[in-house]
Amino acid sequence: MNSGMGIILTIAAQGLLVIAFVMISLLFLVYGDRKIWAAVQLRRGPNVVGAFGLLQTVADAAKYIFKEVVVPAGVDRPVFFLAPLISFVLAVLAWAVIPFSPGWVLSDINVAILFVFAASSLEVYGVIMGGWASNSKYPFLGSLRSAAQMISYEVSLGLIIIGIIISTGSMNLSHIVEAQDGAFGLFNWYWLPHLPMVALFFISALAETNRPPFDLPEAESELVAGFQVEYSSTPFLLFMAGEYIAIFLMCALMSLLFFGGWLSPIPGLPDGVFWMVAKMAFFFFLFAMVKAIVPRYRYDQLMRIGWKVFLPFSLGWVVLVAFLAKFEVFGGFWARWAMGG
């Protein structure tokens, strides 16, 4: 009995550490996003609350929490309040299987990629529920856009990940990182043999997380604020937090799948969690820069790219990877390169 309680307490403590990391990272993500956007527009950004404005995000969070929760007439109250909670919880849940270093993972399961993909796919239900429960046409249109958009690009993301699974022979994220270890540092990582898929994964991640230039579910110029129109205070904060956590999750997946996770890019330097966090921060910087400099796509353009460009290309890449790996084309060179064989 004591042993079982000890295991439960250990898991609970590890879970709290993961949640603490995600929530602390969230503060810096919002701050960094605003600072980068301000720098591109030749503004100063947050600079009043705390040193260099570092506590501005804390002040904004406190403001949201203590504001009145305004509930419009005619909404479905249980679903209205459940929707942001679903989006937030599912975004945090996926971090349970993200490894930061050998042994630094809450649950090192052999179907980690499938778990992350399932959790991120279910987030769309929070958006749909929020749009439908608001009893307003603008949130409902935004939620429908979100559903179509996420379904369209999840297919491409899944096919891209299948190529990595074929190369590794495992869906365990730790095994995928270990398969990229080698004497040539960053040239052993999967970004090189899977180079076309790196760009596709990055763009699909933007669309999957409703990030500019694909933020059509909350297009201010068309739908006011999309599915978030009727939300205020803490429910709105949960939606926003879930979005940023999902973005950071995509940064972690890019680091693990293509860029060696915690592996050092330079042979001889020690591996560790520092490299993992640094890579995630770099990819978030790219996300923020795209938001600041790329104009929003039209909805028909977004759907056309997803179904007529990304889907055929990613499907063809899976077939090519499987063919090269199975039949040892080029004397098995590609298989040895991508699989460490």
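Positions of Cβ are set from backbone N, Cα and C atoms, glycine also.
A quick note: this is a predicted structure, and the numbers were derived from the prediction, not measured.
These features come from Swiss-Prot:
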| type | residues | note |
| --- | --- | --- |
| TRANSMEM | 7-27 | transmembrane segment |
| TRANSMEM | 46-66 | transmembrane segment |
| TRANSMEM | 80-100 | transmembrane segment |
| TRANSMEM | 111-131 | transmembrane segment |
| TRANSMEM | 157-177 | transmembrane segment |
| TRANSMEM | 183-203 | transmembrane segment |
| TRANSMEM | 244-264 | transmembrane segment |
| TRANSMEM | 273-293 | transmembrane segment |
| TRANSMEM | 305-325 | transmembrane segment |
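Through the fold, the transmembrane segment (111-131) approaches residues 79-80, 82-88, 90-91, 93-94, 96-98, 139-144, 146-147, 150-151, 154, 157-158, 161, 165, 171-174, 176, 208, 217, 226-228, 231, 239, 242, 246, 249, 253 of its own chain, all at least 6 residues removed from its boundaries and within a Cβ separation under 8 Å. Outside the transmembrane segment (46-66) by six or more residues, the chain places 26-28, 30-31, 34-35, 38, 233-234, 236-237 with a CB less than 8 A from a CB of the stretch.
Residues 156-157, 160, 163-164, 167, 253-254, 257-260, 263-267, 283, 286, 310, 313-314, 317, 321, 334, 337-338, 340 of the same chain sit 6 or more residues outside the transmembrane segment (183-203) yet have a Cβ under 8 Å from a Cβ within it. Among the listed stretches 7-27, 157-177, 273-293, 305-325, the one sharing the most Cβ pairs under 8 Å with the transmembrane segment (80-100) is 7-27. Counted over residue pairs separated by six or more positions, the transmembrane segment (157-177) shares fewer than 3 Cβ pairs under 8 angstroms with the transmembrane segment (273-293), which leaves the two as not touching.
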